[in-house]
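Peer 1: The structure that follows is given in the form of structure tokens.
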Amino acid sequence: MQQKSSQSRGVLYDKTVPLNKSEKHLINSAHLLLIASRACSSQNKARFFLGGWCVWVCVCVWKMRLFVGLYQLSSLLYLVALAGCEEDYTEDEEMILSLIRQVDSRPVLESGSSAQFLRCTKDAWRIPGQYIVVVRNGTRDNQVERTARRLRVNAARRGYLISILRTYSGAFHGFLVQMSSDVLHMAVKLPHVEYIEEDSSIFAQGSPWNLERIVQTKTGKYKPPSKGGSFPRVYIMDTTIQANHRELAQRVMVTDFNSVPEEDGVRVHRQASQCDSHGTHTAGVVSGRDSGVAPGASVNSVRVLNCQGKGTVSGALAGLEYIRASLQVQPISPVIVLLPFAGGFSRTLNAACREMVRSGAVLIAAAGNYQDDACLYSPASEPEVITVGASNAADQPLTVGTMGTNVGRCVDLFAPGDDIVSASGDCPTCFTAKSGTSQAAAHVAGIAAVLLKENPTARSVEVLHLLRHHAAQQVMNPEALPLEHRLTTPNMVAVVFKSPSARAGEALLCRSVWSKRSGVMSFDTAAAHCLHGEEMFSCSSYSPDGVWAGERIEVRERKECVAHNGVGGQGVYAVARCCMDDRVQCQSFASAHMGTEAKCPSPQHQLTGCCSYFGSGGVADATRPLHGNSKACPARAGATSHASCCQITSSLECRGNEYQPCSLPLSQVEVSCEDSWTLTGCSGASQGSAPHGAYARGNTCIVRPSRGERGVAAVAICCRYPPPQQSSSEPGQEPGRQ
Ligand SMILES: [Ca+2]
């Protein structure tokens, strides 16, 4: 031991490099760690004590400095505790030595930049002491391992034990660590670490109001389509599922995955019925024999919620990784993953979901039952996930007591979520009614399963557009939505398709994507983006107080619809018009000078939308728009006009619909596209002061004039694929008006 130790010392103490006191102390403790690790792994405690004390005495004598002795004594006392613990330090000593050499070769804690530390904004949902360490993209597995070890070594020096609970190597690379928050400042400075997120709780979003009631009878009038191929596989990340329920018999595959926290409270009830309660109901809504939307679909149960319907972000991440790994071993397509839970906003969970969608799965999540902005919750806030709010029997947003469905721009659509009758975990023939966004999401998962049965190659973005295209439009009373979310919440309720064979490609499918509201400083901006697989056909903006500086399409890392706040404005929204057509490529062309019109450059381009950007920050008068077949966006005094032009490789045709009410001042001016035409661009123009902006809702372009102003026009640009027998549209057709 002595010999080995002095050999190592020869390597570590390079006489040509003067060491300061603290560096020497660090290296001394490195020796001790080495000894301790050897002692622990060999379980030879006597050897450990002897070796440790020998080194201490040697070093004290060598140094002849009391403080070194004190330092070593305290280190040694700590290591005694370390050696007594059950922790198995399996790292070989060379690895530890090399780690310590690396660490000691630079100032350990004072270096460079820190990674970001994130935690749940809802205090009660935090899990302090448990952290998800996410390393940068491209970091190799062995570097992740070394990062974890380095953290362990650094923490040990400060007298902290940490415990690596699991590693992640699917959607992202990193590890879950249990440690004192005192170690965090070291962890954020480790190399390769991109950010650290504190773990937090997630919750089932079904029946949180304790209004369950057992129903005796069941009526099953709904007849699902029987044509087509086989259903996609549906993974349900929930509580356990009662696999022998009559609704689900022989169709549930209970996987061996299980990652849930301990139940809260002293007296924990773990009857199977309780533990199965949420998952069995959800699975019944998706694929129950009588109560399901897609009866016959097979479901795989991935347990991430405990008997109380509670889980953790780290557990959900592990669940997603499990599904990903299963699909790599046994590729199945298409696949639906149902996430009937919500937690606080989690960057990591959103990123893992996004990656899963990009690898080909369709992810459907509950919006959350907190009567709040769904963008504050995960996975509801991830744009690539299909986020479902709950509606009641009257197609209104679900409210129960002081709670209700989450709303806002992160919700993709609503679905029935009130008093939904489905399988109960109480017995294999029991039914029960539950309410919540979990039930709504399960409905949409069922509809998506039917849709994918007919169109097995449809991607997630196509499923989203088809769900919205077939949904019941504008059925919710807008007054039932909170004022700040009234404009941005999609007013549509999913319905089971009467004819699920309707597919993308026959109609041009577009949707409006709202940004969050910009800040209130002059020239603060808001940006809206389309998803992968969508093309941005146009960009508009809306200012609730009518003070804004226009909008334009900018290309940074990706295409953005950017709205600019004006001087003294109270914030603006950007509204991107995103269409599902990968045969089309769109570009924005600015006018040559301020106050001149913007045109598409060639006959191969179709004008799909117009933007105006008032660089001066004021809002100037607009001249009358000149649409029709001119392929030009109107000139505006003091503004740069931008034409969104899409190059067509298919036979897309577009035209403008303009409407200007001639008499009374109105609170809003609307113009719609006719049947079979799809709204791609929406802009407003006025002869007086500029209006509040314009936005598209469904197939209608809405322009709000400021304070009863007259002379405001709404201009819709409508596009379509011409019907097969008709090659082009009649130029003189009357525009649709509303
Ligand atoms: Ca979404």
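If you go along the chain as it appears here, the first residue is 1 and each next one adds 1.
Yeah, the Cβs are placed from backbone N, Cα and C, and that goes for glycine too.
Owing to the predicted nature of the structure, the values given are computational and were not obtained by experimental measurement.
Per TrEMBL, transmembrane segment is recorded for 48-71. Summarising the annotation, TrEMBL assigns domain 'Inhibitor I9' to 130-201. Residues or ranges marked as domain 'Peptidase S8/S53' in TrEMBL: 234-472. Look at TrEMBL and you will find Asp238, His278, Ser438 tagged as active site, charge relay system. Annotated domain 'Proprotein convertase subtilisin/kexin type 9 C-terminal' per TrEMBL: 504-582, 649-721, in sequence order.
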Peer 1: Any same-chain residues 6+ apart from Ser438 (active site, charge relay system) with CB under 8 Å of its CB? Would you list them in sequence order, or say none?
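Peer 2: Once residues fewer than 6 apart are set aside, Ser438 (active site, charge relay system) is near Ala204, Gln205, Gly206, Asp238, His278, Thr282, Pro340, Phe341, Ala366, Gly417.
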Peer 1: Reduce the DSSP letter at His278 (active site, charge relay system) to three states and note it down.
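Peer 2: It is helical.
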Peer 1: Using DSSP, what's the helix, strand and coil tally for the domain 'Proprotein convertase subtilisin/kexin type 9 C-terminal' (649-721)?
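Peer 2: Counts, helix then strand then coil: 0 helix, 38 strand, 35 coil.
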Peer 1: Using a 10 Å radius around its CB, how many other CB atoms surround His278 (active site, charge relay system)?
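Peer 2: The answer is 30 other Cβ atoms.
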Peer 1: Summarise the domain 'Inhibitor I9' (130-201) as counts of helix, strand and coil residues per DSSP.
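Peer 2: Summed by class, the stretch gives 24 helix, 28 strand, 20 coil.
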Peer 1: Could you pull the average pLDDT for the domain 'Peptidase S8/S53' (234-472)?
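Peer 2: For the domain 'Peptidase S8/S53' (234-472), the model's average pLDDT rounds to 93.
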Peer 1: Once the chains shown are all counted, how many other Cβ atoms turn up within 10 Å of the Cβ of Asp238 (active site, charge relay system)?
Peer 2: 31
Peer 1: With DSSP, how much of the domain 'Proprotein convertase subtilisin/kexin type 9 C-terminal' (504-582) is helix, how much strand and how much coil, in residues?
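Peer 2: Going by DSSP assignments, the domain 'Proprotein convertase subtilisin/kexin type 9 C-terminal' (504-582) contains 0 helix, 41 strand, 38 coil.
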